[in-house]
Amino acid sequence: SFLRQCVVSFSPGQIHGDSVKQMEGQVTLSEEASLTINCTFSTSTTPTLFWYVQYLGEGPQILLKALRDKEKGSNKGFEATLDSSSKSFHLKKGSVKMSDSAVYYCALRKEQPGTSTLLSSLINQVVDMG
């Protein structure tokens, strides 16, 4: 039988002094392995954090979000907890499936009177059936 693998690559994003970052490079996972995609942020206030997912041939959609410190978002077996002290919002799943193949975005929204900044960092997840 074929070995099913997920290859995950990361790239950071930054705008106006705020940033959302992942570890750069690639991670290769076998199907049913656990997955953690690190997302850290830098901003002067506690923002709203999002994970978006974009499946092949579809537009981006919100996977989960957290609006306040220690809030946990969960959906489709994925979860992430907003931690203001470590400025992190890591996406985790206990067992990945082939259907998890998608493009994932970690995004930050900082709202102040009269302004709203949406900052995202692209994560390109490719599944290799080889």
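Just so it is clear, glycine is given a Cβ too, placed from its N, Cα and C backbone atoms.
Here is what TrEMBL says about this protein:
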DOMAIN    24-120  domain 'Immunoglobulin'
DOMAIN    34-108  domain 'Immunoglobulin V-set'
Three-state composition of the domain 'Immunoglobulin V-set' (34-108), taking helix and strand from DSSP: 3 helix, 38 strand, 34 coil
Per-region confidence, the domain 'Immunoglobulin' (24-120) (mean pLDDT, whole number): 83
